[in-house]
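These notes are about the structure you will find just below.
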Amino acid sequence: MAPDNKETLSNLLQESRRFPPPPELAADANVKADAYDEAAADRLGFWERAADRLSWAQRWETTLDWSNPPFAKWFVGGKLNVAYNCVDRHVEAGRGDKVAYHWEGEPGDTREITYADLQREVSKAANALIELGVEKGDRVAIYMPMIPELPIAMLACARIGAVHSVVFGGFSADALRSRIHDGQAKLVITADGGYRRGNPNALKPTVDEAVADSPTVEKVLVVRRTGQDVALTDKDVWWHDLVDRQSDTHEARPHDAEDPLYILYTSGTTAKPKGILHTTGGYLTQVAYTHHAVFDLKPETDVYWCSADIGWVTGHSYIVYGPLANGATSVMYEGTPDTPHRGRWWEIIQKYKVSIFYTAPTAIRTFMKWGDDIPAKYDLSSLRILGSVGEPINPEAYVWYREHIGGDRCPVVDTWWQTETGGIMISPLPGVSEGKPGAAMRPLPGITADVVDDQGHSVPNGGGGFLVVRDPWPAMLRTIWGDDQRFIDTYWSRFEGMYFPGDGAKRDEDGDLWLLGRVDDVMLVSGHNISTTEVESALVSHPKVAEAAVVGATDPVTGQGIVAFTILRGGAEESEDIAKELRDHVARTLGPIAKPRQILVVPELPKTRSGKIMRRLLRDVAENRQLGDVTTLTDSSVMNLIAEKLPSAKSDD
Ligand code: 6R9
């Protein structure tokens, strides 16, 4: 948002569809409406009770130390072991035979890992790390495909107090190298490769390139997954040589609640990536509690699947730490949704009788584009709750998800959070909240989020502005690794005493929250701040549109003009007058102020590897600039396809 502009975000989109929680779910929900009052009356007491869901070797003395803001300490003096909480305690409680992961490889190979298996494998891996000289506090970079050794490696680090830094397996050697350097990793854990889109996808050569000039790296531990040729260097050790011969018992010593657990670099679209630091007790408390509350997990009967990659925070918190702390049975899938066919995910849900499914709007919109007939071929009746994360979910995508995947019976929980927040912050509770398509609804119990104007004052119901968090929360980032000043500047300087995540939001007439995307993306059209999200949602509500990305491009008359890039739904034809049809549709839905200046029909949109639309690149195209950094794009050829379209797209006003 332009700094001199005092206006708040315009509130354009009206959405009146409502979905009350199913009565049986509401009656039996893990968390009911009273949790909000309980937390409001005694916030710290509420988080203490959430922490009591874990096993502590030593109880904390102080719940929150906020004497040196913005550096929070939670559960000060408490000691616990994260791996013990995620694995051993379930085995000790007699649940060793329960499946922790139904793992499905892309080629169709499968592994079933029980909690007892996990305990043995994590212990062996922990012993192996110790043999390699890894000590408490050392950093371990992990660059792996979605195979069971990935969570095993993370838990082995957590067990001995080493700090893992998982780097998404699709990143380049440069990206891996800079993360290794920033964290000064001593060990890298990787694999020969993984399967993607039907083929083995080598990882080891990328690691070799990154490690070649990484003097801190002493050893590279390599899992054999694909059997691809690997040129071994003198730092390399095969996982099967080292880990397999270790003892399968290892005593998990307790660590301090504030000992570092992991570093994860944000998917940030600009500048140097930020190493977000998470610690032990508060993090595990919040991810376990939110997984229990938001997904209503019943560990005895539910089968839970989060389709994210563990290389993103969603995978850390909701494939590994949250579900395991709660003793869940999860599905973990290695590959892409369209291999070997576009029904693969639904086939997996049918096969394992998945009851809770958590995915991203980008995936939902892709399935809309592929057509309703694909999920219709599978039995999805086991599902009872659907989740969304990563971007604002457009109301139309929400309704499609609810109807075509959820059989019109499953509540959809739209969960807002960030790498920095560690766990879910704003979300409906499936047994409490009335679902509103597109709204993340309320801060969870124990979280104090607000929407403020430029001056930091709360906006009234019906207003829009900046999302902030008022009080520290247990899973909050503790700092940016090695850069406390950047931590302060980035998150705590915009508004006095408040955390600013960088997102815009509005509060509707009922007081419920709607996330409106990054404030950097907000457009200023004829003096009005308009969110890209609302215009995109209006476009997606047209029956011919599957996906849309909207940017503001400099305009001599209006300041910025709205330029929209759209992907059509399966079956919809690109016609001469589609641009006019869509522009009129937006004007009717949101008002004439939001009418796009230009509309382009494109085959694909530029996305980060975690599926977020990169509007910055589209702005470059719309303003005929040289493209900025494209290294975090999934597929850089997409930008050429889009640029070719531009000259033909004229405004018809
Ligand atoms: C978990 C994750 C964080 C940014 C965040 C916001 C966007 C995530 C959202 C959402 C609207 C939601 N975001 N969830 N926007 N509604 N339910 O995605 O972490 O990769 O760090 O991204 O993603 O803009 O600030 P991360």
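Backbone N, Cα and C define each Cβ position, glycine as well.
Quick caveat, the model's predicted, so the values are computed rather than measured.
Quick look at what TrEMBL lists:
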BINDING   Arg196, Arg197, Gly198, Asn199, Thr314, Ser526  CoA binding site
BINDING   Gly390, Glu391, Pro392, Asp414, Thr415, Trp416, Trp417, Gln418, Thr419, Asp503, Arg518  ATP binding site
BINDING   Val540, His542, Val545  Mg(2+) binding site
DOMAIN    34-86  domain 'Acetyl-coenzyme A synthetase N-terminal'
DOMAIN    93-473  domain 'AMP-dependent synthetase/ligase'
DOMAIN    534-612  domain 'AMP-binding enzyme C-terminal'
MOD_RES   Lys612  N6-acetyllysine
REGION    1-25  region 'Disordered'
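Everything TrEMBL records as a feature, shown here on the structure.
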| residue | record | Cβ contacts under 8 Å, 6 or more apart |
| --- | --- | --- |
| Arg196 | CoA binding site | Glu106, Pro145, Gly335, Thr336, Thr339 |
| Arg197 | CoA binding site | Gly335, Thr336, Asp338, Thr339 |
| Asn199 | CoA binding site | none |
| Pro392 | ATP binding site | Pro361, Asp414, Gly438, Trp514, Leu515, Leu516, Gly517, Thr533, Ser537 |
| Thr415 | ATP binding site | Val294, Tyr358, Gly387, Ser388, Val389, Ile424, Ile426, Ser427, Ala440 |
| Arg518 | ATP binding site | Gly502, Asp503, Gly504 |
| Ser526 | CoA binding site | Thr558, Gly559, Ile593 |
| His542 | Mg(2+) binding site | Glu581, Leu582, His585 |
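Across the domain 'Acetyl-coenzyme A synthetase N-terminal' (34-86), DSSP classifies residues as 22 helix, 11 strand, 20 coil.
Here Gly198 (CoA binding site) is positioned 29 angstrom away from Val545 (Mg(2+) binding site), judged by their C-alpha atoms. Screening the binding-site residues Arg197, Gly198, Pro392, Ser526, Val540, Val545 for a C-beta under 6 A from any atom of ligand 1 leaves Pro392. Trp417 (ATP binding site) has a Cβ environment of 25 other Cβ atoms inside 10 Å. The residues near the Mg(2+) site, meaning same-chain residues not in Val540, His542, Val545 whose C-beta sits within 8 angstroms of the mean position of the site's C-beta atoms, are Glu396, Ala538, Leu539, Ser541, Pro543, Lys544, Ala546, Ala548, Thr566, Arg569, Leu582, His585, in sequence order. Looking at Thr314 (CoA binding site) and Thr419 (ATP binding site), their Cα atoms lie 8 Å from each other. For the recorded positions Gly198, Val540, Lys612, a Cα to Cα distance of within 10 angstroms from Gly390 (ATP binding site) holds for Lys612. Comparing C-alpha positions, Thr419 (ATP binding site) sits nearest to Lys612 among the recorded positions Gly198, Val540, Lys612. Val540 (Mg(2+) binding site) has its Cα within 10 Å of the Cα of none of the recorded positions Gly198, Trp417, Lys612.
Across the binding-site residues listed here (Gly198, Gly390), the residue whose Cβ sits among the most other Cβ atoms within 10 Å is Gly390.
Each residue of the domain 'AMP-binding enzyme C-terminal' (534-612) gets a DSSP state, and the totals for helix, strand and coil are 23 helix, 27 strand, 29 coil. The number of other Cβ atoms within 10 Å of the Cβ belonging to Thr314 (CoA binding site), over all protein chains shown, comes to 24.
All protein chains shown were included, and the count of other CB atoms within 10 Å of the CB of Thr419 (ATP binding site) stands at 20.
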